[in-house]
Amino acid sequence: MPRPPGPSPLSCVSLVTLPSSLGLPKQLPERGRAMPRPTLVPRALVSLVGLLRLLQVLLSCTTFSLAASGHHPEAPFGVWCLCSWGLCSLLSLAVLGLELLGLGPQLPLSWEDFTATVALLGTLLTFTASIMYPSVFVPKGLEGWRYQATATATALSCLCFVTYAAEVGLSRARPGQLRGFLSTTPGLLKVLEAFVASVILALVDVGQMYANSAGLQWCMAVFCVCFVVSVLIIGLSVGQLLDAPPWPADRTLLALTGLATLLYLSAAVTWPVFAFRPAPPEHQFGPAVGATVLTWVNLGAYAADLVVSSRMVFFAGSP
């Protein structure tokens with residue numbers, strides 16, 4: 001009996017998604033993409049993640065309004081907190097709107113990686129703002145409405161941090177799940193490394209404390225190079241371009257992580273030696289201490305990233 005015709009092998013292969021050891025989705029390139037068409041998806045508002053994003057928009061907008069009305073933050077830290085809450089509200093609103101219209105998965109990017117990046121970035125921004133804002137503005141002897149607005153803004157910022165952290169926990173890829181790279185532990189650590197590096201660069205730039213020391217200039221170069229590489233990896237992952245080069249992406253990321261760990265180790269040792277000998281001026285002492293602490297924090301993040309990535313690359317198939 002003749003065999004009934006079936007789908008060709010090429011048509012089957014085109015539908016297969018091949019995971020690599022680091023959770024990088026490998027798909028065959030498509031010849032064309034249809035224009036995104038909006039389709040109302042009410043589930044985007046009633047699901048657990050959708051409710052968390054709705055709370056993020058409401059809490060961040062309310063926190064921004066209270067902070068702006070309760071105290072005029074002329075200081076750079078106050079402006080930074082306002083920008084953090086404003087950015088979080090805009091990003092969460094954009095994600096929620098695209099999900100509601102069904103446009104997110106149709107965009108020419110990795111939607112899972114993009115939402116995971118937004119969630120972790122919101123977590124880090126609200127966490128730092130929740131600590132920085134009250135420490136700078138609450139002990140200033142405010143009374144009446146300004147004090148109440150500042151205290152309420154701090155409490156709402158803490159709640160906003162909880163919602164973002166909950167979304168990160170829900171969106172993180174579990175073992176055996178095929179998710180975007182930034183939903184995995186190494187991907188989340190990449191976002192953390194980039195964020196901490198950006199804060200270090202802002203602290204180091206106070207008074208350009210690195211200008212007259214070759215050792216501090218070396219540390220500044222380490223911070224800049226590692227920050228650029230981390231941002232580049234995040235951008236390539238969101239743009240679904242990590243697998244574009246002909247070499248293995250997982251081993252390349254592992255090698256870059258190992259190199260960044262060594263560079264940060266040298267900076268963690270070199271920075272305090274040259275930053276505090278001689279003692280810096282009073283307006284640079286606090287930023288110098290902060291840069292020292294965050295350098296060790298980022299070194300720990302890179303070391304954890306190296307350990308987790310090594311286990312995924314070399315021991316993924318072991319029981």
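Glycine too: its Cβ is placed from the backbone N, Cα and C atoms.
Any TrEMBL annotation is an automated prediction that lacks curation.
According to TrEMBL, the domain 'MARVEL' annotation covers 44-176 (among others).
Annotation source TrEMBL lists transmembrane segment at 47-67 (among others).
Taken from TrEMBL, the feature transmembrane segment covers 79-102 (among others). Residues 37-42, 44-45, 50, 53-54, 56-57, 60-61, 63-64, 67-68, 73, 114-115, 118, 121-122, 125-126, 128-129, 132-133, 157, 160, 164 of the same chain, all 6+ positions outside the transmembrane segment (79-102), place their C-beta atoms under 8 angstroms from a C-beta of that stretch.
According to TrEMBL, the feature transmembrane segment maps to 114-133 (among others).
Sequence-distant contacts of the transmembrane segment (145-166) (same chain, six or more residues past either end, CB-CB distance under 8 Å): 52, 55-56, 59-60, 62-63, 66-67, 69-71, 85, 88, 119-120, 122-123, 126-127, 129-130, 133-134, 137-138. What TrEMBL lists as transmembrane segment is 145-166 (among others).
Look at TrEMBL and you will find 181-314 (among others) tagged as domain 'MARVEL'.
Per TrEMBL, transmembrane segment is recorded for 186-206 (among others).
Among residues of the same chain six or more beyond the transmembrane segment (218-241), those with a C-beta under 8 A of the stretch's C-beta atoms are 24-25, 27, 108-110, 113-114, 117, 180-182, 187, 190-191, 193-194, 197-198, 200-201, 204, 210, 253, 256, 260, 263-264, 266-267, 270-271, 274, 295, 298, 302. Per TrEMBL, the feature transmembrane segment maps to 218-241 (among others).
Summarising the annotation, TrEMBL assigns transmembrane segment to 253-274 (among others).
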DSSP-wise, what's the residue breakdown of the domain 'MARVEL' (44-176) into helix, strand and coil?
111 helix, 0 strand, 22 coil
Should anything in the same chain at least six residues away from the transmembrane segment (47-67) have a Cβ under 8 Å from its Cβ atoms, list it; otherwise answer none.
73, 78, 81-82, 85-86, 88-89, 92-93, 95-96, 99, 122, 126, 133, 149-150, 152-153, 156-157, 159-160, 163-164, 166-167, 170-171
Which whole number is the mean pLDDT over the domain 'MARVEL' (44-176)?
85
Per DSSP, what is the residue count of the domain 'MARVEL' (181-314) in each of helix, strand and coil?
111 helix, 0 strand, 23 coil
